[in-house]
């Protein structure tokens, strides 16, 4: 077992020993979803005040609405949520490269066969944080499948821990 | 502002007021990623003992490795992680329907135009939890881009708060 796995298993033992919320329902009690980045510096439950069982938390590289389309459709059509908050953040890794750079990194790290596997992969990077929040919200709002859903966009500041409203 | 947004903003104010970790680095300090479900009953930081800044946390509907391929590639090739833990869970919503059911739900909830938007969407549902953990791990291991990466599979029990190793 790696040290990462040991930390995971040992930490979980402690969590489970004090766990008292085994009867929560599958559908989110507060009927919303948060879409944010996988970035290690974000703890959504703590930073966004999410009670256990209250909300879906979707996380991917860059908090991309396009990459999360399946998740959002499931959240709203199968599990009854009616609101989505898209929360991107300062200092996002997805601001630091583009498709060409991503593919080069793979080729350099893992070789030609790996490069072949990602040759059509859209990394969905972006260059302007605030614009991308707006664009993602707009894109999602343009979908018929989002009819009646409240969609807002926010930026989390990794230096201060503060969120601010964008759109 | 909706009550969901009020809770988000007010809760964040309190979090930011006590925030002291503004200097964490972008790459995860413990060099690993956790892929788990967006399910509202999972709090990865608490349940899996993830220190702020330590790990990428990727969350989608069903903890799908295929849906998270882009995120995993970014985590490992751009941000230096070398280990992935795939954590699916008991009572997952993705065990309760299939592509046909998903598309019907969209059509019923949002109408024909919405149904058209998801007609080619693969919901990536599954029927056997343990088998799907194994299959996802195997699929990821088969990729050249995963060479040298430690990949393990786990199941989190929403009733007990406990994880167990699958593969």
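Glycine too: its Cβ is placed from the backbone N, Cα and C atoms.
Annotated Zn(2+) binding site per TrEMBL: B:37, B:39, B:89, B:92, in sequence order.
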Neighbour count, 10 Å Cβ-Cβ cut-off, for residue B:37 (Zn(2+) binding site): what number do you get?
26
May I have the list of same-chain residues other than B:37, B:39, B:89, B:92 whose Cβ is within 8 Å of the Cβ centroid of the recorded Zn(2+) site, in sequence order?
B:36, B:38, B:41, B:42, B:62, B:63, B:88, B:90, B:91, B:93, B:94, B:156, B:158
The correct three-state DSSP answer for residue B:89 (Zn(2+) binding site) is strand
Using a 10 Å cut-off, grab the number of neighbouring Cβ atoms around the Cβ of residue B:92 (Zn(2+) binding site), all chains included.
21
Candidates from B:37, B:39, B:89 close to chain A, where binding-site residues are judged by Cβ under 8 Å
B:39
List the residues of the same chain that sit at least 6 positions away from residue B:89 (Zn(2+) binding site) in sequence and have their Cβ under 8 Å from its Cβ, in sequence order, or write 'none'.
B:36, B:37, B:39, B:41, B:42, B:63, B:155, B:156, B:157, B:158
Hey, what's the Cβ neighbour count for residue B:39 (Zn(2+) binding site) at 10 Å?
26
